[in-house]
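Here is the structure we will look at.
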């Protein structure tokens, strides 16, 4: 049987081998009140065993599954409209799409699904054999053009039903793994609460003891494993959140378009999954667990009643008038018992609640980490990238490296040429004449001058007034990124970085978009000028693979990190680095020849440096080595000697180091340098994300098990200098791990808010990038392609082909809708809009 699709259904369809009857619930209630016999409309007679039935969105038709076929019946009269055939095994379920009224999806035990167009009477799509287990249930997502299919092996797959996307699989959830994880946690709690047994015998001898704890737990696991985890039922429950009213009170010039952030933070639909042994509720957008209920546990029933379900044989769901609850009917497999459960889920948001209140309510449940002092707590407030809290008195960000001023060679009262002392005079006299700042050439290599004098005619009289025109700074302010443009999908430029193939580790545009830097595996970094052409400029000096390159805020300096345990700061147009980080504490011990010997108090870096970047508007430098990241203050001196050009007067000093206690290595790090921010994000080899507040000087949050494998890339939504966003949008960041999906996070929450799948990334570290308009996410992949995702949906929009190897990194242009990709064989590809 099935109810109508409306929230308050008025029709009920019951199917048996003899009749299929349509019931009008309102009319049936009137007949009951007046004492009449309740009768329904027969729409089918002796059609055979019906395994499933469902209504069309307009309730004009009913689809019934009969053996290998699906029959489309009229709901008003006894009339067979269409017969759908083609499955090779029994059809187990069928559902109409709520977004396309004429689209019907059917699934069968032949492990395939088919998409039909009832209006046109045609087959739209037929899948291949997807799983080794038969399909048992199907559910349509009311808020997105997606549907979910459950199989007998405990897997739930979500498919895209929108036009032009090929009905591809968006997500796959292993429900059996969730159930096993919950059982493991329950056993741990039981062991902690139970009596403790201390034995001196070896583990193999303890397991042979009759009635031992390990033997008993093994028996319990064997009994529970017999229940299985077949998916019996699926149901989407949608909660709608009213739009924020807080922006209306702001002035017009202070208003921001918060549509993107609001769409990402609205309450997501919940997918309730019924299995043979448990009921699991997950977030439909991220497929993360929200609720778990073991059906074998005692149920909360009426007083003086105790009940439990050993093994469930069927499961059905229905929405209630209360958006916070869902009805669940579970039928026992071995008993004639049906249990009616009321499943509660996340609370709906009040219609008058603003977006800021919603964010605050979510953030209040997620903060972890050690307690801070009152002063630091007041300064920290909510954890956001853009903080309105001032620097605390003892903040690390107040540190500054000020160079000592040089002593004047003469006092103000002494005339030029008068020596201060005979000792100083002797030192100056002993210097050779050529040891000056600059030596002027005699010009003997130049051609002799032939034209001795050439008068200037027609020249206009010079005026002291400035030329009419705008400065470069004003011209830069007038430029703006086209936030409504389409994603870049057309290949425009191909470029080989080197003559021989060399892996490109990282690519980064400068803030003004005039240059792009590449980190290569041949121990060098390359600089190219936009538009891409030529061979570029090479920065050589490292003795290992260059892992990363980053620009400073004013685009004058470039910092590179290498496996040779050093970090170098380069200047455009100079071959030698202006500053090199080689020792842990500082470089104050540089000798006259520019050498720096490590010591016990100032050793070399213990591990390879995987990332280095400027931080806090170029005031500091962050770098990672092993499981520690370091905060340095520095001073750059661009003056050079003509003779000893390799000697640099730049200095650096360690402010503080931070270590991830539970991780062996920091696999990714990100911090904003385009504006002042206290937040530094780190991903460790223990698959966690740790948030550090540099103002408080400590870790403020840890997200455990963020991915199934260690995160290899972490990218924040920084925008660019040519676009403005509401402050909330800067709290978004994305992460990716090998053999896992891409996840979108909000810093104010402790959970993932979106999940993106479809790209192939099994072993290499493929890069990520968020477009300056914050509408798209680009990702590299191992199938020689780059993918562009819509940040509001879970599927990719475009697959950019044309590469010859794995796409290692991607980067959006800060001013134009362009995307730059790098590959493992040393090639750059620039994509533009049509």
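Placed from the backbone N, Cα and C atoms, the Cβ positions cover glycine too.
It is 439-483, from the ranges 439-483, 484-528, 529-573, 574-618, that TrEMBL records as region 'Disordered'.
For the ranges 61-101, 102-142, 143-183, 184-224, the feature annotated in TrEMBL as region 'Disordered' maps to 184-224. Remark: secondary structure over the repeat 'WD' (539-570) totals 0 helix, 18 strand, 14 coil, with classes taken from DSSP. Sorting each residue of the repeat 'WD' (800-834) by its DSSP state yields 0 helix, 19 strand, 16 coil. Shown for the repeat 'WD' (84-126): DSSP residue counts in helix, strand and coil, namely 0 helix, 23 strand, 20 coil. Counting residues 6+ beyond its ends, the repeat 'WD' (539-570) has Cβ neighbours under 8 Å at 505-512, 514-515, 517-521, 523-527, 576-582, 604-605, 607-614, 617-618, 621, 623, 625, 634, 636, 650, 673-674 in the same chain.
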